[in-house]
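Q: The structure's right below; bear with me while I get my questions together.
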């Protein structure tokens, strides 16, 4: 009898351990931030059958976000359901049914499986948000940041769930761009990592994994490339127009580095390179650019302000 009891206890313990090791099937997603990135993530998550709550500070922002999602979905169905407009209309209806909005993050995370943060690129603000939500979210809930340049580990340390914390870096525009970088910190559990990979696939993306290194994969290669193009221009070695043409025709890139800088936003690029420079001041790849600093100071931030390296009407 004692043997049978011991055997039962061992079997129960083993079953519990197996259950604990299982990946989390993410069904309910809370996205903090109704800007372009947050709205885009909300769209692809809702379109793939997830229950989504999009959170921002005001109903006005959220109405704008929802309208943007509706317009984006209309563009999607023109391609996806060109021969079947009725199916397209049903797709939009189902997607929007999966999406709700809220101005109170703490009240909606109590039943969520995944929180994705897509707010301003400010570490202090992000840490404050995660610290607050950590108190209200269930134990099983995974936290993820969509940051493109800040350290995930620092954000995880603002919470008590370091093992349930990672990075999900989507790319703009989210509905069109297929890549998601899944970032694993030294504390991220394998269960959490695999759950984030599975979620990325479920929303129709192709995930790649990376450690918590500055810029992850894409921006770690892309930002120094753009900065080197600026230095090439600063030295007078080539015009910005010729540099752009060279990279488009010689390397097959869809945009030249100056066109891309204007598209991304010169303030965003400056913020990233300044942050990396503070981490590694002796790394020449992260050296600031006097010309970039000057343009940002003059509020010439690229396409969004009508002028950056180029002028836009």
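From the backbone N, Cα and C atoms, a Cβ is placed for every residue, glycine too.
What TrEMBL says about a protein is an automatic prediction, not a curated fact.
These came from TrEMBL, pasted as-is:
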DOMAIN    28-213  domain '3-hydroxyacyl-CoA dehydrogenase NAD binding'
BINDING   33, 34, 35, 36, 37, 38, 56, 121, 126, 148, 172, 304  NAD(+) binding site
BINDING   72, 79, 148  CoA binding site
SITE      169  site 'Important for catalytic activity'
DOMAIN    215-312  domain '3-hydroxyacyl-CoA dehydrogenase C-terminal'
Q: Sequence gap of 6 or more, Cβ distance under 8 Å: name the residues on the same chain that satisfy this around residue 56 (NAD(+) binding site), in order along the sequence.
A: 32, 33, 34, 38, 62, 65, 101, 103
Q: Of 35, 126, 169, which recorded positions are close to residue 148 (CoA binding site), meaning a Cα within 10 Å of its Cα?
A: 169
Q: Compile a sequence-ordered list of residues in the same chain as residue 72 (CoA binding site), six or more apart from it, whose Cβ lies below 8 A from its Cβ; state 'none' when nothing qualifies.
A: 39, 40, 43, 173, 175
Q: Which one, from the binding-site residues 148, 172, has the smallest tally of other C-beta atoms lying within 10 Å of its C-beta?
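A: Selected from the binding-site residues 148, 172 on minimum Cβ neighbours within 10 Å: 172.
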Q: If you count other CB atoms within 10 A of each CB, which of 79, 126 wins among these binding-site residues?
A: 126
Q: Return the member of 35, 37, 79, 126 nearest to residue 169 (site 'Important for catalytic activity') in space, with distance defined Cα to Cα and candidates limited to these binding-site residues.
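A: The smallest Cα gap between residue 169 (site 'Important for catalytic activity') and any of the binding-site residues is with 37.
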Q: Check each residue in the chain of residue 37 (NAD(+) binding site) that is at least six apart in sequence and keep those whose C-beta is under 8 Å from its C-beta; list them in sequence order.
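A: Listed in sequence order: 118, 146, 170, 172, 174.
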Q: Given the NAD(+) binding site residues 33, 34, 35, 36, 37, 38, 56, 121, 126, 148, 172, 304 in the record, what is the largest Cα to Cα distance, rounded to whole Å?
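A: Max Cα-Cα spread across the NAD(+) binders: 24 Å.
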Q: Comparing the binding-site residues 33, 35, which residue's C-beta has the most other C-beta atoms within 10 angstroms in this structure?
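A: Of the binding-site residues 33, 35, the most buried by Cβ count within 10 Å is 33.
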